[in-house]
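Over in Swiss-Prot, the protein carries these features:
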type	residues	note
CARBOHYD	Asn131	N-linked glycosylation site
SIGNAL	1-22	signal peptide
Amino acid sequence: MTIIRTLFVYYSFLFILVLCSSKDTEVNNGEKVNIVAFGEGRCSDTSFWMKWHWLPMWRMLGSTGRINFEYHPYGIKTTCVDSDSGDDVVCECHHGARECLLNQLQACVIEALPNFEEYMEVVTCIQGKQNISMAAEACFNEPSKLERAKMMSCADSRHGRKLFSDHENFVAQMAPEMDWAPWILINGKRYKEAEEDLWQFLCDRFIDPRPIHCPKKIIY
């Protein structure tokens, strides 16, 4: 009886230890990781992150089915208000009017292709372009669900401005303290490390069991 009691205490201790360890390291045991990112169309930091962290991460880990992602083209020092007449929206952006148009174009694409798997390549292509004409020429050439003329018309319309302004609601709900772009939330919490090495950070901290696509655990 003493041996049974001793074994029970021992295995109970191991069970509690595993639970505490799992909580402390924030490992996501088989569940999906939810990532929400906010950025600005002509922000160099956003552009670098999307090109060198966001897109490569998705190409490596998207097939695992473990990542949920959403992007909102709305950053800091950005405001959208109803016009005096009340029939339009007036927006001002951190990097000027051209950025607003790029953000609006991205918002139009996200409306047309609501699934992240569909819109991410196009939104990344638009990101950082000098203007929407250059973005349209570079990003709407291949046969797709998107018509260049329709997207351009949307971007510079009341509807496009309204779509863009709607993304402000997500800032208010999920990132009211946002003071930097890109602003990246993982499972509802902001991690600056996700800006510096998204792929490595996700693999080291959030995805378990670790997919074969992940690099060796060396940092986090």
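A Cβ is built for glycine as well, from the same backbone N, Cα and C atoms used for every other residue.
Remember, predicted model here, so these are calculated numbers, not experimental data.
Packing around Asn131 (N-linked glycosylation site) is summarised by its Cβ count: 15 other Cβ atoms lie within 10 angstroms of its Cβ, all protein chains included. Secondary structure at the residue listed as 'N-linked glycosylation site', taken from DSSP and collapsed to helix, strand or coil, is coil.
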